[in-house]
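Asker: Just dropping this structure here.
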Amino acid sequence: VPRGRCSEECLPGFRKSVREGYHSCCYNCAPCSEGEISNHSDSELCKKCPENEWPNKAKTICIDKVIEYLSYEEDILVLFFSITSVIFAATSLLILGLFVWFWSTPIVRANNRNLSFILLFSLILSFLSVFLFLGRPVDITCMLQQASFGIPFTISASSILAKTIMVFIAFKATRPGNSCRKWVGVKLPNTVMLFCSSIQVTNCIVWLSISPPFQEYDMDSYPGEILIQCNEGSVIGFYTMLGYMGFLAAVSFVLAFMVRTLPDSFNEAKYITFSMLVFCSVWIAMIPAYLSTRGKYMVAVEIFAILTSSAGILLCMFSPKLYILLLKPEMNTRGTMLGKRLLLKQRINKTKRELQI
């Protein structure tokens with residue numbers, strides 16, 4: 001075929017395009033469109049790469065797309081998350097050991113020590129659940145990811161709610177003739193914790209039975225990349241789980257805020273208020289960031305929220321008790337724990353005796 005003198009040869013990576021107003025043997029050279037290649041000169045058309053491949057920079061051959069996920073080999077974030085998770089889980093285990101060692105002391109017994117042990121154990125599980133989010137996702141890890149942090153988190157929130165209710169009832173019970181006295185004890189908080197946790201367990205079982213999370217290959221979000229991620233399956237199940245945790249945290253925050261000024265030297269309601277404020281703030285900020293990202297960065301946002309909120313609960317709830325246990329052991333007495341309330345009660349009793357005399 002004779003070659004026209006009005007056009008240069010189109011190199012690989014380009015295709016012929018019509019030059020308006022000239023003879024048909026005259027043409028322009030246009031680069032191939034995104035996702036297409038041409039591997040010989042003067043191509044009439046470019047051909048599209050397969051779904052799992054992408055053109056090289058010259059658009060002459062198709063190469064495999066880059067696979068993106070939180071990899072142990074390539075991402076420094078994985079190392080950071082792993083070390084942070086282990087440190088906080090070990091810290092929680094150490095605190096649990098200290099509480100067992102000081103089992104019978106007033107500071108450990110304050111506001112139901114069994115709930116404190118359950119709270120610490122659930123925080124350990126929450127920190128360790130991070131490892132299910134790291135590495136290449138597969139169907140089984142996708143199914144376990146959300147339940148592995150949702151259920152321990154709910155147990156933590158339920159334990160804190162039960163503690164808050166006990167503080168609230170204890171405050172009401174100090175008033176003469178109040179009917180709340182009959183609820184003081186270990187039975188009510190244990191029932192509250194089990195009931196609230198069972199609702200989340202039921203939700204997760206229904207979610208995983210009907211529409212469980214699964215591994216997903218996202219080939220369209222970013223050109224030249226395959227995002228391996230977990231699809232939540234039922235979006236309703238996922239946001240019901242998050243919403244229920246938020247509901248428990250909000251109720252705990254409101255109740256604790258109401259009784260934060262109790263006349264005790266050690267008032268756990270103040271620390272519950274701070275811990276629930278941290279919890280709610282982290283997850284409210286996490287949702288828009290979670291929805292606006294894709295792939296490994298979306299997973300990193302969720303991991304950051306898990307670690308931050310768990311660490312906030314751990315520090316706010318247990319650092320005051322650790323301070324007294326380790327640095328101020330002379331304050332670890334019943335009189336010091338009750339403080340102003342005990343003094344007020346003694347004054348009332350003294351006044352009653354004087355009036356009787």
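Cβ atoms here come from the backbone N, Cα and C positions, even for glycine.
Caution: TrEMBL annotation is automatic and unverified by curators.
The domain 'G-protein coupled receptors family 3 profile' annotation in TrEMBL covers 77-341. Residues or ranges marked as transmembrane segment by TrEMBL: 76-103, 115-135, 147-171, 192-210, 236-259, 271-291, 297-318.
If you look at the structure here, what lies around each of the features I listed?
Answerer: Beyond the ends of the transmembrane segment (115-135), by six or more residues, the same chain brings 69-72, 78, 81-82, 85-86, 88-89, 92-93, 95-96, 99-100, 108, 141, 144-145, 148-149, 152-153, 155-156, 159-160, 162-163, 189-190, 193, 299, 302-303, 306-307, 310, 313-314, 317-318 to within a C-beta distance below 8 angstroms of the stretch.
Note on the transmembrane segment (236-259): residues 146, 150, 153-154, 157-158, 160-161, 164-165, 167-168, 171, 196, 199-200, 203-204, 206-207, 210-211, 267, 269-270, 272-273, 276-277, 279-280, 283, 287 of its chain, located 6 or more positions outside it, place their CB under 8 angstroms from a CB of the stretch.
Outside the transmembrane segment (271-291), and at least 6 residues removed from its termini, the chain residues within Cβ reach (under 8 Å) are 157, 160, 163-164, 167, 242, 245-246, 249-250, 252-253, 256-257, 260, 298, 301-302, 304-305, 308-309, 312-313, 316-317, 320.
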Asker: Within the domain 'G-protein coupled receptors family 3 profile' (77-341), what mean pLDDT does the predicted structure show?
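Answerer: Average per-residue pLDDT within the domain 'G-protein coupled receptors family 3 profile' (77-341): 83.
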